[in-house]
Amino acid sequence: MSGAEEAGGGGPAAGPAGSVPAGVGVGSGRASRARAAAGQAAAALWRGRGLGSGRGACGARQLQLQEAAGDPDAPPKKRLRAAEAAEAAAAAAAAGSGKLEERLYSVLCCTVCLDLPKASVYQCTNGHLMCAGCFIHLLADARLKEEQATCPNCRCEISKSLCCRNLAVEKAVSELPSECGFCLRQFPRSLLERHQKEECQDRVTQCKYKRIGCPWHGPFHELTVHEAACAHPTKTGSELMEILDGMDQSHRKEMQLYNSIFSLLSFEKIGYTEVQFRPYRTDDFITRLYYETPRFTVLNQTWVLKARVNDSERNPNLSCKRTLSFQLLLKSKVTAPLECSFLLLKGPYDDVRISPVIYHFVFTNESNETDYVPLPIIDSVECNKLLAAKNINLRLFLFQIQK
């Protein structure tokens, strides 16, 4: 027997999968055995990835959820959802396979809030999904931090021009079953809203006598019984008058705004213009975001608008509640006090919701700027829409009050 065969341990016969032929590495049996062991380990690792069973993707998803659940910087709600999703993924992995809907949930959910998107779905250039609310929130946070917004998964740059909607995922999500919050039955997500508003027998409804003060709220299937026994139709006229007076008082406050606008429209001097707030940074050691418009002319005077976030709070990106406030500055000189009323409305092509508020101020050469007043947006979600935009486009109305 040759030395090569003695080193190989038995001739050129084929060994197990991953082993090295005996003739390779002559004179070094230890090296041959090391290479064989390395090959077997690589094969075992490759088999352990479960190419035929789909365990690799499930394991990666479960690891991602566990990391999100253990991240101390993540919001509490996200950590809780991540922990629940990780438990569900572990249970599904232990059971071998779950329902198709449950598996699709982890594939189609938003990578930020780990929930199924309710409306638009955006994706980064690498395909990671984000619901519309989280996408806008990421852009707004980046604007506040003066950073480039990035995908939370792959850290590629994201913006309204770089990201696009994924219509296939939106349609797939709309067909997934979802539970009605009232009757707990399963419906496709595309039909759930109609069911909850019009068809569900357990949906919350109000008594038809609410116009005369009945405060009852209850399930729809109990409405008929309640209305048959409701005491409000049998109340005396004086009792109903007290109830109606309170309702009229709140209604009067709402109508006061519209009556004021109609009276302002009868003024002789009225001006309006489209204004564009552009983002800037202060020169402080810790820079702060603020907005300012270019100079514009209304009522033969030169003006500027400024705006700030959360009244120049030091770290507005750490706050869930976000507001915008603005001030109007008169840049030209006046020979007499200029008394004006003004209000801001949304621009012609914006979808931000603003509740108009009328402000009054008397401008002079010594007092030529108003205090910061709230921009009357509905909530923090609308504020994030404005912060995520490249510029803020609004419409300013000015009414000059003449004595």
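Heads up, the Cβ atoms here are built off N, Cα and C, so glycines get one too.
The compositional bias 'Gly residues' feature in TrEMBL is assigned to 1-13.
Marked as region 'Disordered' by TrEMBL: 1-28.
According to TrEMBL, the feature compositional bias 'Low complexity' maps to 14-28.
Over the domain 'RING-type' (110-155) the predicted model carries a mean pLDDT of 89. The domain 'RING-type' annotation in TrEMBL covers 110-155.
Taken from TrEMBL, the feature domain 'TRAF-type' covers 156-214.
With DSSP classes pooled into helix, strand and coil, the tally for the zinc finger (156-214) is 25 helix, 12 strand, 22 coil. Here TrEMBL flags 156-214 as zinc finger.
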### Query
Quick one: DSSP breakdown of the domain 'RING-type' (110-155) into helix, strand and coil?
14 helix, 7 strand, 25 coil
